[in-house]
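Worksheet: one structure, shown below.
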């Protein structure tokens, strides 16, 4: 096992033993630091208690503490051993108990007078430092209950939060912040926890967690003025670079040598980092002319461009095709101009962080031109009572359900800053601060069936999926409206297809029965290119809407699961998954599933089970027995 300046883990025959570790050392020459693909902590998991029969009577108290032999330790202490006495390596019993996570011995030694913040070892560290380096959250909690001070620094100038950040112990970072540690605290080397995480931990956490606590992203260290983005580039930490840029990391921030993060990336000839940082500059308009820079800096304007572009493109495609021009060369040049315009808008104004803006714009534009076509092309040709009136009624229902799907709260799990910290402390002190049930971005305990949406960056109760066509997540708060949206949208598209076919029958000369299908397609496309273009759009949307509606109905009715649960069932312990089926604890039969989902009451005939999924943390909730409905 490699040695580092302070700690070592002797794993062949025993538990952790203290030597040296390079954890937190002054980094005075960053140009000498080579990118790392990972960081070896120099630790293994400590061995558990010995389970085989052994003669502990000859063991000294240090070895007995390392292995957690409580009776032997108590025997020696009762015989007069001073629990404050350090061994030949200047390490106390409390240090050994802390690094090996012997909570019962920590309680015992403190009850016998052990000093909770006693310094020891080559690094002059406290037991809390040792427990933090090893990632023993339960030990950190226990020591702090006895008054251990996490703000004390060790011989290398690091407090506990810096150690937890650089070793990737996200739960400990969260607990320390919740207990009052400053998220921007600098160690004696001028490094913040975010800088250490960016340099040492090649995963999304704890960087993501620190960013959620509103850490100062663009703060520079004391000696080199390197920001966290500089340190991430020095380490080749591509995962963290993306997170820092999304959080507003300044690509042009310079250190004492006048170097930006992009300059460091170029020095290391890392193509991915260079491209990513250059894209970030372009997204902020730094490399654009001044008149474009102001527009590009306006996020609301960029969103309007993304929403408005599909309106223009859909119209131009149909308009150019419908022009009375025989030369396809001219039309081809016009289409080339449309393509060039879209490329310019995309490169100059599209914001790829607005994932839903473009699909939402495509949906709104398609429906807008379909309604224009309906009222200006079909209105005089179709029967009002049997066609137009049902179409208008369907449209009202469609607009209502779309609006609710788009703008309703899908089930965002909310908490105040104090509630978040209280949750972290409660989970940590009950041994439940596990990232499988705790969201390191939203800083909340995740209810059952919830999931963090990577697009919206929020935890959603009873999460189904993120739908780009409505620009929102689909969850407990709007899933029923989303089903209504799909249902009425499908009928609207069917009416549109009917209108197109009726128009061709009335206004176009066709010879389908004589010349066949392909000749018919040519005739209707030539007769009215705009109508044919609307027909193609209708068919495209019909296909995905029909498939999605059927899948949703099947999952809701027959399986009792969400799309997320169906795709990730193996990740959840409460699902029984075989090669052919998924058994859901939320499936209560087709009838009951429908009644509960749509909350059917039928004038009191049915009594659906209403569950607040934003606060439901177990699979057990008050259910109505029987077939899923109850006569009242």
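The first residue you see is number 1, and the count goes up from there.
For all residues, glycine too, the Cβ spot is worked out from N, Cα and C.
Judged by membrane topology as recorded in Swiss-Prot, residue 528 sits across the membrane from residue 575. The range from 326-346, 410-430, 431-451, 452-472 that Swiss-Prot describes as transmembrane segment is residues 326-346. The feature transmembrane segment, as given by Swiss-Prot for the ranges 284-304, 305-325, 557-577, 578-598, sits at 305-325. DSSP labels the residues of the repeat 'ANK 3' (123-152) in these numbers: 17 helix, 1 strand, 12 coil. Note on residue 467 (active site, S-palmitoyl cysteine intermediate): other Cβ atoms within 10 Å of its Cβ, all shown chains, come to 24. Counting residues 6+ beyond its ends, the repeat 'ANK 1' (51-86) has Cβ neighbours under 8 Å at 14-17, 92-94, 96-97, 100, 102, 104-105, 108-109, 112-115, 118, 120 in the same chain.
Counting only same-chain residues 6+ beyond the ends of the transmembrane segment (481-501), those with a CB under 8 A from a CB of the stretch are 367, 370, 373-374, 377-378, 382, 387, 390-391, 394-395, 397-398, 400-402, 404-405, 408, 464, 467, 470, 474, 531-532, 534-535, 538-539, 541-542, 545-546, 548-549, 552-553, 556, 598.
For the repeat 'ANK 1' (51-86), the DSSP-based tally of helix, strand and coil residues reads 19 helix, 0 strand, 17 coil.
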